[in-house]
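Worksheet: one structure, shown below.
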Amino acid sequence: MQPYQRLLALGFLLLTLPWGQTSEFQDSDLLQFLGLEKAPSPHRFQPVPRVLRKIIRAREAAAASGASQDLCYVKELGVRGNLLQLLPDQGFFLNTQKPFQDGSCLQKVLYFNLSAIKEKAKLTMAQLTLDLGPRSYYNLRPELVVALSVVQDRGVWGRSHPKVGRLLFLRSVPGPQGQLQFNLQGALKDWSSNRLKNLDLHLEILVKEDRYSRVTVQPENPCDRLLRSLHASLLVVTLNPKHCHPSSRKRRAAISVPKGFCRNFCHRHQLFINFQDLGWHKWVIAPKGFMANYCHGECPFSMTTYLNSSNYAFMQALMHMADPKVPKAVCVPTKLSPISMLYQDSDKNVILRHYEDMVVDECGCG
């Protein structure tokens, strides 16, 4: 069943069922077009990066204006991809009771669950974001050094010190505020070849003291500030080329419909899918719903040239006149457009995904 057919069935379901009786269908086949086995049940929404909100707003605006867009290319990031996943850090701090030992401000194991990434997907981007905290009016000191390494052996989860391996990045930072981005696509080569289920990194932030930082009064201890405000996330962009095929079916050019056009003839009808009616508003961040539409109406032979019909529909109408056993041409979508959805799954991953053929734009006989 095509995605728009599932949504059409869902729309009629919402129209015919009494209010409040749609929740039992959340775990049905209707969720499969999202790639979900069941409806997620997050306790609360994770913070959504500005870039993801910018992407979803731009795509909604393009869809509303009818502008063409390649949803398998993420213009804001400059990469190919039709699935964006924001994976939260699920790691833990080390030695939080003894800061400033040998200049070390804090150490943390960053842990990212990669099981949400599909095996057949092609990795096109992996960007780690470290948020050191909100920017301040103060010229925060001291200067910091951020060291990011691969964890070879995690040891006992949350209790033992991990075995640190290859150094990935060593970067100086003016102060404990703002965001840092790191390209981890090279570090995820092992995932691409071995399909690893997780990524473990060792983060250490060191204080680079100088004479200025020792004499300047700071509003608070920089290490205390980092321990309280440090936040890490991994943005992964993947591409499944099978979901990026342009439609190759050619149709006869539509002829202007004459005045007095009968509303019983094949045409597009409006159908709005409201996610709140389904209970999906609990995990779908944006949009709140969308106009899916559907096709309905008759396809009489005398009107096939006016109903955006395919060549095959025209021939089928002729064959039906000669032999009534041949089925009539039926009203079907002739042009479909995609949508993008931003949602959160049960593992707290924020996902921006592109879905082909979700909105009926035009109808015709076929």
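Using the three backbone atoms N, Cα and C, a Cβ is placed for every residue, glycine included.
Around the Cβ of C331 (disulfide bond), 24 further Cβ atoms fall within 10 Å across all displayed protein chains. For the recorded site, C331 (disulfide bond), the DSSP three-state label reads strand. Residues or ranges marked as disulfide bond by Swiss-Prot: C266-C331 (among others).
Other Cβ atoms within 10 Å of the Cβ of C363 (disulfide bond), summed over all protein chains shown, number 23. The feature disulfide bond is assigned by Swiss-Prot to C295-C363 (among others), with similarity to another entry given as support.
According to Swiss-Prot, the feature disulfide bond maps to C299-C365 (among others).
As annotated by Swiss-Prot, N-linked glycosylation site applies to N113 (among others). Annotation for N113 (N-linked glycosylation site): same-chain Cβ neighbours under 8 Å, separated by at least 6 residues, are L87, Q90, K197, N198, D347, N349.
Summarising the annotation, Swiss-Prot assigns N-linked glycosylation site to N308 (among others) and lists sequence analysis as the type of evidence.
What Swiss-Prot records for 1-22 is signal peptide.
C299 (disulfide bond) sits 6 Å from C266 (disulfide bond), taking the C-alpha atoms as the reference points. It is 7 Å from the Cα atom of C295 (disulfide bond) to that of C266 (disulfide bond). Taking CA atoms as the reference points, C365 (disulfide bond) and C266 (disulfide bond) are 7 Å apart.
Ranking the disulfide-bonded residues C266, C295, C365 by other CB atoms within 10 A of the CB puts C295 at the bottom.
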